[in-house]
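Just below is one structure, and these are the notes that go with it.
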Amino acid sequence: MTSFQEVPLQTSNFAHVIFQNVAKSYLPNAHLECHYTLTPYIHPHPKDWVGIFKVGWSTARDYYTFLWSPMPEHYVEGSTVNCVLAFQGYYLPNDDGEFYQFCYVTHKGEIRGASTPFQFRASSPVEELLTMEDEGNSDMLVVTTKAGLLELKIEKTMKEKEELLKLIAVLEKETAQLREQVGRMERELNHEKERCDQLQAEQKGLTEVTQSLKMENEEFKKRFSDATSKAHQLEEDIVSVTHKAIEKETELDSLKDKLKKAQHEREQLECQLKTEKDEKELYKVHLKNTEIENTKLMSEVQTLKNLDGNKESVITHFKEEIGRLQLCLAEKENLQRTFLLTTSSKEDTCFLKEQLRKAEEQVQATRQEVVFLAKELSDAVNVRDRTMADLHTARLENEKVKKQLADAVAELKLNAMKKDQDKTDTLEHELRREVEDLKLRLQMAADHYKEKFKECQRLQKQINKLSDQSANNNNVFTKKTGNQQKVNDASVNTDPATSASTVDVKPSPSAAEADFDIVTKGQVCEMTKEIADKTEKYNKCKQLLQDEKAKCNKYADELAKMELKWKEQVKIAENVKLELAEVQDNYKELKRSLENPAERKMEGQNSQSPQCFKTCSEQNGYVLTLSNAQPVLQYGNPYASQETRDGADGAFYPDEIQRPPVRVPSWGLEDNVVCSQPARNFSRPDGLEDSEDSKEDENVPTAPDPPSQHLRGHGTGFCFDSSFDVHKKCPLCELMFPPNYDQSKFEEHVESHWKVCPMCSEQFPPDYDQQVFERHVQTHFDQNVLNFD
């Protein structure tokens with residue numbers, strides 16, 4: 001019966017494609033059309049094909065020829081489609097007497113449809129025709145060929161034969177089964193007693209096996225309890241490790257933030273320190289340049305002084321001559337009056353008039369010379385103003401160049417800071433990636449341990465079930481042995497049929513028990529193997545956990561090292577702050593020390609100028625009115641603030657120059673003289689006044705020297721000194737140095753007053769506490785840089 005049921009299942013796949021109008025024979029060399037229908041059970045594909053196979057094919061490769069199945073147009077899934085293929089005649093087989101059939105093959109190589117067999121035969125003479133009545137009792141005659149009729153009969157007989165053969169085979173199978181059952185039951189009857197003995201022996205063995213299984217079960221329970229406890233411990237360890245990793249990560253993030261802040265502060269402090277150093281160097285250079293320019297200007301002013309002194313001496317000489325001539329004229333007028341009173345001689349009057357005319361011509365010539373000299377003096381002043389303006393423009397250009405240089409330095413610093421920031425970002429990214437990797441590994445280990453724990457629980461349940469089943473089987477086996485004895489006693493009086501039925505009932509429990517024992521033993525073996533595998537995996541996981549703990553310890557050590565590095569950088573930053581504070585203090589002290597000599601010089605200038613004017617005014621008998629304002633410095637103090645700085649960046653404005661005080665005119669010719677001099681104090685610094693010059697100012701000589709006598713007689717309000725020279729003065733010890741003294745040696749002398757640390761070369765001001773300085777030096781030896789208590 002099974003063969004009849006399997007046939008439609010096997011042929012069901014071949015009905016997905018149905019071939020229509022298949023003839024029994026075709027001509028060998030003629031074109032052949034193949035009509036087929038695609039059912040909803042198949043989905044067409046462009047790589048599907050239809051082949052001509054010999055009957056008896058085994059695989060899809062046994063085709064004779066094939067054509068690709070075209071994809072139907074406007075195809076809708078779940079619908080039936082009719083298709084046509086045309087095979088060319090020269091691809092078809094010859095008349096060989098073999099049977100062929102069409103087969104539809106998918107792109108996967110599956111055959112989903114097959115046609116009825118057919119042959120390729122050449123045309124033959126007209127066969128004999130036969131007439132036969134219709135089977136439907138319709139009183140109609142059907143004309144067929146003899147061969148067709150014979151084929152129909154053969155097909156019917158073949159079908160009947162196949163059905164009969166199938167029935168015979170089924171009956172033979174049934175008889176064979178019945179005979180086998182009879183023989184088996186007879187054999188079972190003969191061997192039943194022997195089996196009872198064997199079962200009793202097996203029962204004893206099973207009792208021993210159950211005891212051993214109980215012992216093994218207890219051992220497995222102990223192992224399971226140990227494994228569960230270890231799993232709990234491992235889970236707790238994993239939780240603690242994860243908490244520690246999270247804490248370390250938070251600490252690492254906070255340390256990174258602190259490190260970034262410290263680096264940022266350090267960079268800011270370094271930038272400030274560099275800018276202050278650059279400003280200090282610029283100020284030094286500016287001071288050197290100003291000193292050089294001052295020396296040049298002093299030399300130029302000295303030359304101008306000499307020129308002015310010569311011109312003024314000539315002017316005073318001419319003024320004295322004019323005064324003498326006026327006195328002579330007055331005397332002559334008096335004489336003329338007296339002479340006119342005494343004598344009225346015309347000749348004398350003509351002579352006197354002619355002398356008067358000559359004297360007036362001389363006076364006019366002297367006036368013209370005075371005007372010419374005044375013009376020359378004004379030209380010299382204009383040239384000096386132009387040189388000052390050129391100097392101012394040069395200084396402005398120099399400042400522009402300095403600003404450009406500062407901008408370039410700032411850009412370089414910014415680029416360096418960006419590079420450092422990129423390096424720190426990459427390092428932080430790598431550390432974060434490593435921490436994430438550690439987290440993933442810990443999570444995977446925790447999941448693996450959970451799975452192992454669940455498997456252990458499952459195995460424990462299976463062991464409990466097996467122990468319960470073994471106990472139940474023992475009880476059932478004892479009951480069945482008693483029933484077996486009763487059945488054996490009753491089977492003697494029964495017929496063979498009933499005995500056969502009882503035999504069928506009795507041996508089934510024993511076979512089931514034996515099978516169950518075998519299954520239980522196999523399960524126990526499998527469980528032991530699984531437990532061994534689990535223990536191995538557990539040991540491996542334990543080893544992995546130890547490795548992860550070691551890695552965590554390594555990362556903790558690295559974090560500790562990072563903390564130490566960060567602390568060292570913080571110490572360095574604090575040292576930099578201290579150095580910067582000390583540099584600022586030193587800068588302020590230098591500023592004060594440089595301002596104090598400037599104030600002293602200004603006080604000396606203010607104290608000297610009134611004395612000079614006083615001496616000149618006392619000699620003439622009248623008091624001069626002087627302004628109390630301080631003189632405007634030509635280049636200003638570079639270390640002073642912008643508001644209190646004298647002068648505007650070295651610019652020299654002629655309109656702001658303090659003019660000399662106006663004297664009471666001694667005669668009318670002085671109003672026409674054009675003379676402008678700056679109100680700068682060209683006297684020497686404190687303590688450098690020449691004693692001979694002061695004596696000459698106090699003691700007026702009695703010799704009738706016309707130029708000098710006229711200068712001291714009228715007083716111009718200037719204290720010119722041709723022997724003036726600039727000296728260098730130490731701002732700390734006030735030691736004087738000649739003007740041509742080397743600048744580097746002068747700076748070395750000034751720096752020698754400072755206290756220098758022999759370890760770090762850090763400078764301290766001269767008034768710095770000696771104990772604090774010694775404590776700073778000792779900090780380099782006890783490895784505590786920040787110990788300034």
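Backbone N, Cα and C define each Cβ position, glycine as well.
Computed from a predicted structure; not experimentally measured.
Swiss-Prot marks one residue of SER225, SER254, SER470 as phosphoserine, namely SER225. From SER123, SER138, SER752, the position flagged in Swiss-Prot as phosphoserine is SER138. Annotated by Swiss-Prot as zinc finger, the relevant range among 403-429, 511-537, 565-591, 754-780 is 754-780. Scan Swiss-Prot for phosphoserine across SER212, SER313, SER467, SER593 and the hit is SER593. Within the list SER229, SER491, SER501, SER666, the entry that Swiss-Prot describes as phosphoserine is SER666. Looking up the ranges 619-645, 700-726, 727-753 in Swiss-Prot, the one annotated as zinc finger turns out to be 727-753. SER225 (phosphoserine) is surrounded by 12 other CB atoms, counting those within 10 A of its CB over all protein chains shown. When the recorded positions SER225, SER593, CYS757, CYS760, HIS776 are compared by Cα distance to CYS730 (Zn(2+) 1 binding site), the shortest distance belongs to SER593. Taken residue by residue with DSSP, CYS757 (Zn(2+) 2 binding site) is part of neither helix nor strand, so it is coil.
Annotation for HIS780 (Zn(2+) 2 binding site): spatial neighbours CYS757, MET759, CYS760, criterion Cβ-Cβ under 8 Å with sequence separation of six or more. Taking the centroid of the Cβ atoms of CYS757, CYS760, HIS776, HIS780 as the Zn(2+) 2 site, the other same-chain residues with Cβ within 8 Å of it are PRO758, MET759, GLU762, VAL777, THR779. Following the DSSP three-state reduction, the secondary structure of CYS730 (Zn(2+) 1 binding site) is coil. Cα separation, SER225 (phosphoserine) to HIS749 (Zn(2+) 1 binding site), rounded: 88 Å. Here the Cβ of CYS730 (Zn(2+) 1 binding site) has 16 other Cβ atoms within 10 Å, regardless of which shown protein chain they belong to. The binding-site residues in question are CYS733, CYS757, and the one with the fewest Cβ neighbours inside 10 Å is CYS733.
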